[in-house]
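Beneath this line is the structure, given in structure tokens, with notes to follow.
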Amino acid sequence: MAHTRTFTSRNRSVSLSNPSFSIDGFDNSTVTLGYTGPLRTQRIRPPLVQMSGPIHSTRRTEPLFSPSPQESPDSSSTVDVPPEDDFVFKNANLLRSGQLGMCNDPYCTTCPSYYNRQAAQLHTSRVSASRFRTVLYGDARGWAKRFASSVRRCLPGIMNPHSKFVQVWTRVLAFSSLVAIFIDPLFFFLLLIQQDNKCIAIDWRATKVLVSLRSITDLIFFINILLQFRLAYVAPESRIVGAGQLVDHPRKIARHYFRGKFLLDMFIVFPIPQIMILRIIPLHLGTRREESEKQILRATVLFQYIPKLYRLLPLLAGQTSTGFIFESAWANFVINLLTFMLAGHAVGSCWYLSALQRVKKCMLNAWNISADERRNLIDCARGSYASKSQRDLWRDNASVNACFQENGYTYGIYLKAVNLTNESSFFTRFSYSLYWGFQQISTLAGNLSPSYSVGEVFFTMGIIGLGLLLFARLIGNMHNFLQSLDRRRMEMMLRKRDVEQWMSHRRLPEDIRKRVREVERYTWAATRGVNEELLFENMPDDLQRDIRRHLFKFLKKVRIFSLMDESVLDSIRERLKQRTYIRSSTVLHHRGLVEKMVFIVRGEMESIGEDGSVLPLSEGDVCGEELLTWCLSSINPDGTRIKMPPKGLVSNRNVRCVTNVEAFSLSVADLEDVTSLFSRFLRSHRVQGAIRYESPYWRLRAAMQIQVAWRYRKRQLQRLNTAHSNSNR
């Protein structure tokens, strides 16, 4: 039997007619891949040839379905998988990054909620498609694609600023930056004076430690610079309306970072202190050029110090897009105190280096010798270049020794640091300088008397200005912190003042004023000044329901509501209003309208009937429960309302407070709504029996009716006995 077949080449062809996978964000259209062709190079395709018998290989191939005119020849022989650059997803680069692109901030309002659901799925689909295409196309450029793909796998994807990795890295960066800020001024203490030889030396042991630590912090900061090119950001123009939109395109991220803080970060990470202390200063130690180099060292350290503070403090205060680190009021106080200490550290370090320069200047002017001889004597590392006799003359020179005395030179504010420069202990030099800087900032340089040196005068003025700025900021933040702790008390005092002014304006009598003060005081103590209704407004319904169930647990203890369904209780809880009553307050009046049900939470009441009978009420009891029966009597079994007397329910008792009472009330209107919604349940015999049997009001009423019936029966028996005795006579 003849079969119609298609000639195929030696290269195996693949025929795909499967619908393309669909992920949320793609178009939902089904793409059918029914085109058959060679997997490598293609040639001219002849028309279909029909033949019988086995299939023989041919030189040309023909597709089963002709491609559309809009399709290119290459597109007909490839698997239709969207390339990375033309991805149709919004924020597709974040989704491709897997875990790095997921948002781990539960309070985020920027990242769409579908990120965490689709990142892993999209990442897997892309990798499988890429591998399929690499296997499918084993042409000459396959090795380059495989190499690029392997390199791409080693690099991190575009990272979400709210991902867990970025949050952890932010904490590492903050700690590293804090260490770097603390380390930078310590480079000033690496220079010291050996008093025995009257020369300047470098503490190489401490230098190795500081250079290593500074290099580690620079490496961490440099890694952070590289990560900034892979960190998505919120477009500033998108914050005008809405919560903002994440930008995850690599080129846009790089362009945004280059235009932003890239140059500042590169200046921060540049190892200027290491270069100065290891290369430049040792070459010119003991010369007059060293003075300018020390000035450069001081300037570069301070110029790097300020940008580091500019980058670190917002990071610690949580004002960055990478998440919060410290969020409490105590942390804010610690940050301000830390800023104060770092400023004192910088001031003390500059003071030490300036004192060292002043001592060196004194030694340079002490002995009139050549520059090379002076350098060999002042630089301890070049001491071997000077003769022994010359070194002895240098050590015993009176002018040189006078440089280390109080009256030997005009030191001004650096007088106490002269002998400090001779200390061999690095920690001693650092700790005393830190104490001096902290003391001067705290006292605003009140005990300093500078000399006529211009640099010394400006340094003192800078200390005063810095102290004023930091002290004002610290005091202001401490005041705000302490004020926030005492805010409730201030609100209570303002409320009390407003109430007093209102009572004075209305000219209330003194007895009413006293009662108003007691009510305000007890209400504030019961509620702690918090309006619970305002708090509930912005909460979801299920959370409100759970909170009310926790707060109103007493409803389950109330005898009337012990048999009610949870839905009825939830409806009642939604309508409860908090009330407070002071001692001797009257809740219900005799022959007055019963306008509410009162649920006692704390305190005691007493119910006085018409006959003078007293029924005590305490925590868990209810007064005004007759409203429930009255409202049920106005509802038909089908839920419709019948016409009731407009006067309402009249109370036949007095209810007053024996102590201060905290309670919740349910108004008549709210109770009518509940009874109309759940009339079928509330009219059941079980609930009606519980209401009548368990209610203190109905029990008192039943007892009174029993007493009336018993007395009536007793009178009837007396009449019968009297009539019987009269008949016997």
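Every residue gets a Cβ built from N, Cα and C, even glycine.
As annotated by Swiss-Prot, topological domain 'Cytoplasmic' applies to 1-172 (among others), with the evidence given as sequence analysis. For the topological domain 'Cytoplasmic' (1-172), the model gives a mean pLDDT of 49.
The region 'Disordered' annotation in Swiss-Prot covers 52-82.
Annotation comment: Swiss-Prot describes 67-81 as compositional bias 'Low complexity'.
Among residues of the same chain six or more beyond the transmembrane segment (173-193), those with a C-beta under 8 A of the stretch's C-beta atoms are 199-203, 206-207, 210, 213-214, 216-218, 220-221, 224, 273, 276-277, 281, 294, 297-298, 301, 304-305, 308-309, 311-312, 315-316, 325, 342, 345-346, 348-350, 352-353, 356, 359-360, 421-424, 426, 429-430, 433. According to Swiss-Prot, the transmembrane segment annotation covers 173-193 (among others), on the basis of sequence analysis.
Packing against the topological domain 'Extracellular' (194-208) from elsewhere in the chain are residues 186, 277-278, 281-282, 285-286, 356, 360, 363, 377-381, 383, 391, 394-395, 400-401, 404, 422, 426: each is 6 or more residues past its ends and has a CB under 8 Å from a CB in it. The annotation topological domain 'Extracellular' is assigned in Swiss-Prot to 194-208 (among others) on the grounds of sequence analysis.
Positions annotated as transmembrane segment by Swiss-Prot, on the basis of sequence analysis: 209-229 (among others).
Swiss-Prot lists 230-261 (among others) with the feature topological domain 'Cytoplasmic', giving sequence analysis as the kind of evidence.
Sequence annotations record features per position, and here Swiss-Prot assigns transmembrane segment to 262-282 (among others).
Per Swiss-Prot, the feature topological domain 'Extracellular' maps to 283-295 (among others).
The transmembrane segment feature in Swiss-Prot is assigned to 296-316 (among others); the stated evidence is sequence analysis.
Per Swiss-Prot, the feature topological domain 'Cytoplasmic' maps to 317-332 (among others).
According to Swiss-Prot, the transmembrane segment annotation covers 333-353 (among others).
Here Swiss-Prot flags 354-451 (among others) as topological domain 'Extracellular', drawing on sequence analysis.
Taken from Swiss-Prot, the feature transmembrane segment applies to 452-472 (among others), supported by sequence analysis.
The annotation topological domain 'Cytoplasmic' is assigned in Swiss-Prot to 473-729 (among others) on the grounds of sequence analysis.
Swiss-Prot lists 560-677 with the feature nucleoside 3',5'-cyclic phosphate binding site. Classification of SER665 (nucleoside 3',5'-cyclic phosphate binding site) by DSSP places it within a strand.
With all protein chains in the displayed structure included, the most crowded Cβ environment within 10 Å among the binding-site residues MET605, VAL650 is that of MET605. The number of other CB atoms found within 10 A of the CB of ARG575 (nucleoside 3',5'-cyclic phosphate binding site), across every protein chain shown, is 15. In the domain 'IQ' (699-728), the DSSP tally of helix, strand and coil residues is 30 helix, 0 strand, 0 coil. Helix, strand and coil residue tallies for the topological domain 'Extracellular' (354-451), in that order: 66 helix, 1 strand, 31 coil [DSSP]. DSSP gives ARG575 (nucleoside 3',5'-cyclic phosphate binding site) a helix state. Cβ neighbour density within 10 Å is lowest for GLY620 among the binding-site residues GLY620, SER665. Nonlocal intrachain contacts for the transmembrane segment (452-472), taken as residues 6+ away from its ends with a CB within less than 8 angstroms of a stretch CB, comprise 339-340, 343, 347, 350-351, 354, 410, 412-414, 440-445. In the shown protein chains, 14 other C-beta atoms lie within 10 A of the C-beta of HIS590 (nucleoside 3',5'-cyclic phosphate binding site). Reduced to three states, the DSSP call for MET605 (nucleoside 3',5'-cyclic phosphate binding site) is strand.
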